[in-house]
Amino acid sequence: MASPKLHDFRHIVVKVGSSLLIDSAAGEVRAGWLAALAADIAELHRGGRDVMVVSSGSIALGRSRLKLPRGPLKLEESQAAAAVGQIELARTWSEVLGAHGIGAGQILVTFQDTEERRRYLNARSTIAKLLEWRAVPVINENDTVATTEIRYGDNDRLAARVATMASADLLILLSDIDGLYTAPPGSNPDATLIPVVEAITAEIEGMAGAAGSELSRGGMRTKIEAAKIATSAGTHMLIASGKIDHPLKAIADGGKCTWFLTPANPVTARKRWIAGTLEPKGTLTIDAGAVSALRAGKSLLPAGVIRVDGQFSRGDAVIVRGPDTHEIGRGLVAYDAEDAEKIKGHSSPDVMMILGITGRAEMIHRDDLVVGTAPT
């Protein structure tokens, strides 16, 4: 199968590791390289694409600023170093993107933010709003509060979760190697690059090494794990070298890389997950006008809801039924059951007056809604 082209994609997540971003000897950001990457991002941005960045580097920058000795850090030392480094990292990205007239928004996430549905929806909504405002979200694991037991441990898998959360159609992992090889290229002269992976088989997994460095916790094995997460959610992924200047331009020009392809797309994969995987926690019964609106691709507004049943929290899956009780679809609800009961039948502008807060305009956003027959 032929490799796709970078400009075929509209919603792109770019992951940048510590070993690329930070000069390990000097403990400083590789300013020239980052400026070149920012220029690449700006070019995609000018083309109307949504670009999100998952950036490592907070711990590495923090330990440099604090003049900590080389070697492994204890958990509390890593957390404290990250607290210092996160400020430096945010400032750095703001400056390099600002040079192109692009705003940067920092988002610090934890493992729970992508696994617990209420927090998942909050993070997803924040990313969506930044993209709507044509800013570039810069995302990192919140190493200041993450624990050894509950964390991603590497930003490859975090990037895959972010790509899934944001319904990205492409995840780019910039690495110190230009793709997946049949064997470790540093020690095997017969190793060859695999340009396209259509399915992640046991053989493909066996090709993944465990290489890493003091600054970068990830190796090829974690990249394969990231590819599993991304492709199962309908997101294509590629691994390419970030050691060169203008790495995204190199990809666009057909440079060496490995593509991990998926036959699905993010929207269908996400809606399949909502319709067939999540257990519904309640039911919303809607009027005939709302039924017509949903079938026309609209979101479900509070005004169209006539009955609320069940005990559910924001982010839970619920069944949507028409006035004849037939199932219309399923979706992730933006309000818990108590608040949904209060605002049912009311127009969206009334929500603030009723709840005392500025809530979502939609009871279920169309991106979180599957309209059709009940799954079998």
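Each residue, glycine too, has its Cβ placed from N, Cα and C.
What Swiss-Prot records for the substrate site is Ser56, Asn155, and among Asp50, Asp143 the residue it adds there is Asp143. In the record from Swiss-Prot, residues Ser175, Asp176 bind ATP; the candidate from Lys15, Lys67, Lys298 listed for the same site is Lys15. Ser175 (ATP binding site) sits 12 Å from Asn155 (substrate binding site), taking the CA atoms of both as reference points. Per DSSP, the secondary structure of the domain 'PUA' (281-358) breaks down as 24 helix, 23 strand, 31 coil.
The candidate set comprises the binding-site residues Asp143, Asp176. Of these, Asp143 has the most other Cβ atoms within 10 Å. Reported as a whole number, the C-alpha separation between Asn155 (substrate binding site) and Asp176 (ATP binding site) equals 14 Å.
Counted within 10 Å of its Cβ, the other Cβ atoms near Ser175 (ATP binding site) come to 28, all protein chains included. In this structure the alpha carbons, written CA, of Lys15 (ATP binding site) and Ser56 (substrate binding site) are 8 Å apart.
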